[in-house]
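A.B. asks: One structure coming up, written as structure tokens, with questions to follow.
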Amino acid sequence: MKLTVKTLKGSHFEIRVLPTDTIMAVKKNIEDSQSKDNYPCGQQLLIHNGKVLKDETTLVENKVTEEGFLVVMLSKSKTASSAGPSSTQPTSTTTSTISSTTLAAPSTTQSIAVPASNSTPVQEQPTAQSDTYGQAASTLVSGSSIEQMVQQIMEMGGGSWDKETVTRALRAAYNNPERAVDYLYSGIPETVTIPATNLSGVGSGRELTAPPPSGGPNSSPLDLFPQEAVSDAAGGDLGTLEFLRGNDQFQQLRSMVNSNPQILQPMLQELGKQNPQLLRLIQENQAEFLQLLNEPYEGSDGDVDIFDQPDQEMPHSVNVTPEEQESIERLEAMGFDRAIVIEAFLSCDRNEELAANYLLEHSADFED
């Protein structure tokens, strides 16, 4: 029979199965038809009527029929079927620069976030750092797209979740649908702070937006601030960041940075891609920008000091060869967050095999 399989991105595809096929066999079927790179068997979660299906059960046992559908999503667990440092990635003939969002005008070279200090070993990095980075750099949806996503997740749950529950999970996941579904099944961790923001963006006039996703959950950059707001500021009192004080997205950024200062680097890096004019303005007014970040805000203790010494904590740049860039991409393809891959690669003296071994041995530490 033909079976429809839906994804969290709203797309769907069909596979041919037998009612007696096990869920593991269906996962293998999906891996074969959609490619191992996109849907590795070991990372798949198949959902039917709000229930995660067990590998050893069959379609008929789970009452899956041709008239129904399955939902497929990828878990963050690292398995042998989805990990391998020898996996190939498209090569690049251009020289790449790995940058940690320096407060300078962005260039056309590729840039990513690297923590400011290389003296800290990889194993000392807290798990919350990668979790917060994932929240900030993941695909975001907003406005009417959120309403559509809420409906899709409710449909996926087969009536198991109401709108309020789904909305709360999305807020906790910073509008990342895959993470939100994880929260719905496993519960929202106590360490996760649910931002008090209006998901629909109604009345704010300024929404978190992102271009259509082109890959994994970390493929779409953030658009923290609208271009027109920066243009208005530049056209008026050039050299001031006062307009950020009333910006909803900036307030959310302050809250996140207060919880974990490391998140500022990747968020500024993404900002440089989406809004280079604002990044240039921040570059010209670094002291004022840090002062705005350090100002007490509602919900804080009133004594926030994100950077004790701004000059000492500002990000830096690290150059890599095309071969090293390919190594980083292969490590990232194993399923690890890009920031963690960079940390491991540099700490292992740019040795891909050592970095891969470290990432696999400590994979449990990187999971949410």
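Start at 1 and count along the chain as shown; that gives each residue its number.
Quick reminder: no glycine exception, Cβ is built from N, Cα and C everywhere.
Straight out of Swiss-Prot:
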{"type": "COMPBIAS", "residues": "80-111", "note": "compositional bias 'Low complexity'"}
{"type": "COMPBIAS", "residues": "116-136", "note": "compositional bias 'Polar residues'"}
{"type": "DOMAIN", "residues": "142-185", "note": "domain 'UBA 1'"}
{"type": "DOMAIN", "residues": "239-282", "note": "domain 'STI1'"}
{"type": "REGION", "residues": "80-136", "note": "region 'Disordered'"}
{"type": "REGION", "residues": "202-222", "note": "region 'Disordered'"}
A.B. asks: Provide the three-state DSSP residue tally for the domain 'UBA 1' (142-185): helix first, then strand, then coil.
C.D. replies: 32 helix, 0 strand, 12 coil
A.B. asks: For the domain 'UBA 1' (142-185), what's the mean pLDDT in this predicted model?
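C.D. replies: Computed over the domain 'UBA 1' (142-185), the mean pLDDT is 75 on the 0 to 100 scale.
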